[in-house]
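Student: TrEMBL lists 313-385 with the feature domain 'DUF1736'. Per TrEMBL, repeat 'TPR' is recorded for 501-534, 535-568, 603-636, 705-738. The transmembrane segment annotation in TrEMBL covers 39-57, 131-151, 163-182, 188-208, 220-239, 288-307, 374-393, 405-426, 432-451, 460-478.
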Amino acid sequence: QICNQHNAEAPNLEQVFHRMAQTEANLDHDVSWFLLPSYWAKTVVALISFLCFANSYDGDFVFDDSEAIINNKDLRAETPLGDLWHHDFWGSKLSSNTSHKSYRPLTVLTFRINYLFAGGFYPVGFHVINIILHCTISVLMVDVFSILLGGLQFSNKGRRLNLAPKTSLLAALLFAVHPVHTECVAGIVGRADLLCALFFLLSFLGYCKAFRESKHKEGYNFSVFWVLVSVILGAVAMLCKEQGITILGLNAVFDALVINKLNVLELIQKLLHKDKSLENIGLLRKGLLFRITLLMSGGASILYLRWRIMGTGPPAFTEVDNPASFADSLFVRAINYNYYYSLNAWLLLCPWWLCFDWSMGCIPLIKSVSDWRIIALAALWFCLIGLICQALCSEDSHKRRILTLGLGFLIIPFLPASNLFFRVGFVIAERVIYLPSIGYCILFTYGFSLLSKQAKKKKILAAAVLGILLINVMRCALRSSQWRSEEQLFRSALSVCPLNAKVHYNVGKNLADKGNQSAAIKYYREAVRLNPKYVHAMNNLGNILKERNELQEAEELLSLAVQIQPDFAAAWMNLGIVQNSLRRFEEAEQSYWTAIKHRKKYPDCYYNLGRLYADLNRHIDALNAWRNATVLKPEHSLAWNNMIILLDNTGNLAQAEAVGREALGLIPNDHSLMFSLANVLGKSQKYKESEALFLKAIKANPNAASYHGNLAVLYHRWGNLDLAKKHYEVSLKLDPMAPGTKENYNLLRRKLEQLQKKGG
């Protein structure tokens, strides 16, 4: 429904084109830049944004992708779709004390669709969608910047005019190629920021669509329908990531400044002087208060529903995630928060030093005014105050509008990450600058237009900006390649944040996963040195030392880890394994039960507890522990195998057979279970069925010497001596030192020789 519609004469075309020419003179007229038709401008932006990040399409799942995607049960078909609306971004229940309260169900839904279409965890499809999203957003930026820089005006046919085609193209290119966006595009979990930005922009464009220039007087008519659509799109943006809600505030700012041409300084002065002529400056102009009321009501309702779903408790973060927020002194907190803001601003201005994680000592706290880094705060506020003064006090209304919109888009989307309203779980996160970079691009482009007016050699200035764009394209390509694998990503951070314990931890973990334990130990030790309370590094280092039989140091590290964090279940279990190896069985049992107390559903701990009981010949307890492991994790192959072997060794063949069949029913393709059950069936003289299982296990794992050796024993018992000889020989070829195989083979050869003599 369109409000204030009137039949009137056709608009004065001369006035329309006069306004257009006047706006061009303010911004585009003196700018030496490419002038392209809208279609070609969008095509160029799409191609260049694709070029920046195309090499990330075949990257792996890296860093947070493991938790948000691979380990997230909400992606799997067996999880009801309804669960997405009650879980956080990582798949945990929002009601859980450990939940980060990041509520992004629509983003998780897109991951789930990716997973279902790909038929599994294949990262290419995930990466391709991210690249397409960034290209789409960059194309939309052409329209957004044309409105923000050129204003909202229409032709006599009602089509929106692009009054800043050059500068809107430049701003969109600056956005498309900004290297700080690499984390959002090349890191799959950045999908949340991309989807949020997409609906954020659609909400803004929808709000702009609500307005049409009045045909009978100066001003605009507006559509309530499109205002409501804008609110709904803002809600969708928030369901992708929390920052999305800020678009409602920006729409209100845009309405006041562009639609109602509000002079903020004049309004403040009149309010201070209690001037009764407020309607003359546009505050009470028909429709503004109504639209802002709609936006505020919609925003309040969305936030209320979000709060109800999230629960009343705030997310739980630790000091290492955001040390400034845990500082006792308000002064220290304020100084460091402002220092973080200055670093975010620097990343927008000079995105050369980029890091996947800025926590854990990467940025040491400022604790006194004598710290030289205070200069960064002073520089930030000097620039901000200067821009704010110009935005408020300039006599040029066009300048006031662009600077205010630029500052609005820079600051307002950043507010949820500012620590002002609630504690956040990071120091700096490049992904949260995706939306604020819109404001940066506006300010940069406006500064370029001002310089162009003053510069005598405009082409040199344009060449310099083109050079910046080309450097950013190359930086994006380089950074995208670093995000293709964890090894490259983690190592790239060593030079940027050498004091970050998490960087060293992740490099060490990556090396350990690849089997390079010696190098991993070096990085784990450095992580513990940088952060002596880093329990996860202690746990992983203790594990490696345990495997290298350096049990004394392993025990010391794991004991320290559980002392620092008494509810660290994994460290308690690993401590139990070390104590078991040191033959301190009572202490080991106590450690295992402590781990289970802190993590009740802990199948691996029950498995290790069962091994302890087996070593102590407490067979019933061992079987019960392994049974608990399989109840909690039905695919726990090791627990099933140990149950079969223990029952087999204690002569309970019928029970062993029953357990083996139950296990294979749950894990039908596990060759180790086939092998164990085949051994039991062979002893029960069920030779045919045993043979079939042995052959199936060998087909799945043909290089297992024990499989061939035990099949040979079966044939030996069965009387198939030629086949027994064949598999003994294969077993010895695979493992010449296989225990018992050589003796059995020699016995068989003697038997064959005796048979040959009798036959002769």
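Glycine too: its Cβ is placed from the backbone N, Cα and C atoms.
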Student: Can the transmembrane segment (288-307) be said to touch the transmembrane segment (220-239) if we require at least 3 CB pairs below 8 Å and skip pairs under 6 apart in sequence?
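Tutor: Touching, yes - the transmembrane segment (288-307) and the transmembrane segment (220-239) meet the threshold of 3 or more Cβ pairs under 8 Å.
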Student: Determine whether the transmembrane segment (131-151) and the transmembrane segment (220-239) share at least three Cβ pairs under 8 Å, counting only pairs 6 or more apart in sequence.
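Tutor: No, the stretches stay apart by this measure.
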Student: Over the repeat 'TPR' (705-738), what does the predicted model average in pLDDT?
Tutor: 88
Student: Below 8 Å between Cβ atoms, which of the listed ranges 163-182, 220-239, 374-393 makes the most pairs with the transmembrane segment (188-208)?
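Tutor: Selected stretch: 220-239, with the most Cβ pairs under 8 Å.
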Student: Could you count the residues of the repeat 'TPR' (535-568) that DSSP puts in helix, in strand and in coil?
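Tutor: Counting residues per DSSP class in the repeat 'TPR' (535-568), I get 27 helix, 0 strand, 7 coil.
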Student: For the transmembrane segment (220-239), give me same-chain residues lying six or more residues beyond its boundaries with a C-beta closer than 8 angstroms to one of its C-beta atoms, as numbers and ranges.
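Tutor: Residues 1-5, 103-106, 152, 195-200, 202-204, 206-207, 209-214, 245, 247-248, 251, 259, 287, 291, 294-295, 298-299, 302, 306.
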Student: For a three-state summary based on DSSP, what are the helix, strand and coil counts in the domain 'DUF1736' (313-385)?
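Tutor: Grouping H, G, I as helix and E, B as strand yields 36 helix, 0 strand, 37 coil.
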